[in-house]
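These notes are about the structure you will find just below.
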Ligand SMILES: Nc1ncnc2c1ncn2[C@@H]1O[C@H](COP(=O)(O)OP(=O)(O)OP(=O)(O)O)[C@@H](O)[C@H]1O
């Protein structure tokens, strides 16, 4: 057998394994609609596992990539004994669909990134008949919303970091078009903005399935504009976006300097808000700070309500891990959840990634999930992290920020100008390092652990009412996390 044939048969074997597992794990309709639509084609060599899959169209490709790729990767790790590279591609332009015809060789297949798909992709986003034919399911209307059914208010853990944003989102979900319009949600990478707007969409859909809802990432909106331009189908494009009852548009910062797209969005925005149709926007930054965005759009974003999602604190991170473990149907003890939560703080996606890594590692080695297993699975990550952030670095960064001396971090001085930054530094040390309270106390001039605890509680409480302090802590956290 040639190397290519071996690779192909290994890939086919893996895919059969994957199909049998996913068939057990997923509801039949999901399995039939999304997973069976894929086909395995030639992958890389057996020594360096590559799973090569082909989706019949961009719609299926995107859906699978968002919802199932991670699980396929985990099954790949289980099958190959190492994390495989996954190629998810479309059939070559002009080639028949893989699901209906012989497989296209991977070398000719297009890149998995939908934004790289050619403008004349086999399926147009607005081509209802074809989508319906592909789906062959009764809830076509729901699928067309592009909503992720797993991202609901129920699966969103609430804490100080997101309670305002969640409350506003629930208001909007209960009264679309008549409460805050637009609702503008901003915050750092992987903090649950996408989850929150899908939750709005899911709640609105559940209450009123007749509403026309659409979740769209800005890159896809841009691709729709480009396509409308190339195919001279702006009328259909405009009609479609203006017919929506709820538009959920994600990652608006990627609009930067895309002038034609901004212009189209500006008109769609006006038409929708005038008709009292709801718009929800997410962004990685506050509206006024978005680079390359027209002023008239920025000022419109101020019409409704702007809410921030902040990085979750330790307890919330633990709660999120527990919830994610529940969804994976695995038992994760508190000590394992704390280990992960203490060491990964920058975003929830990374937190989830670490949990998945621990679960996959435990499955692969046929062991239960214990602290020991978690430490082994995350060895590289923990080492890298522990090297990165020292308490001295935190003290120096905070001292520089408040323009005080580093020595003041250790001193007995109790004036407000020194004591408050010192408390902020202690809070950051608790949040950003795995150090215990006594160890942190030691590093701050031999203070008692109760002093550290008091400092942490003080800062947590003050942040609720003191905007300047909240801002300082936010900025310092971002700086220290790099
Ligand atoms: N509070 C939370 N409760 C439960 N899961 C959460 C929470 N916050 C984030 N997540 C999970 O973290 C992952 C990343 O979240 P999401 O994609 O919504 O982040 P984002 O802010 O949109 O990121 P990006 O800036 O990259 O677009 C998702 O799986 C989401 O379910």
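From the backbone N, Cα and C atoms, a Cβ is placed for every residue, glycine too.
Summarising the annotation, TrEMBL assigns region 'Domain I, interacts with DnaA modulators' to 1-115. For the region 'Domain I, interacts with DnaA modulators' (1-115), the mean pLDDT of the prediction comes to 68.
The annotation region 'Domain III, AAA+ region' is assigned in TrEMBL to 146-362.
Residues or ranges marked as domain 'AAA+ ATPase' by TrEMBL: 179-310.
Within 10 Å of the Cβ of residue 190 (ATP binding site) there are 17 other Cβ atoms, across all protein chains. In the three-state DSSP reading, residue 190 (ATP binding site) counts as coil. TrEMBL lists 190, 192, 193, 194 with the feature ATP binding site.
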What counts of helix, strand and coil residues does DSSP assign across the domain 'AAA+ ATPase' (179-310)? 67 helix, 26 strand, 39 coil
Name the residues of the same chain, 6+ apart in sequence, whose Cβ is under 8 Å from the Cβ of residue 192 (ATP binding site)? 156, 162, 309, 348
Taking the Cβ of each of the binding-site residues and counting other Cβ atoms inside 10 Å, which one has the highest number: 193, 194? 193
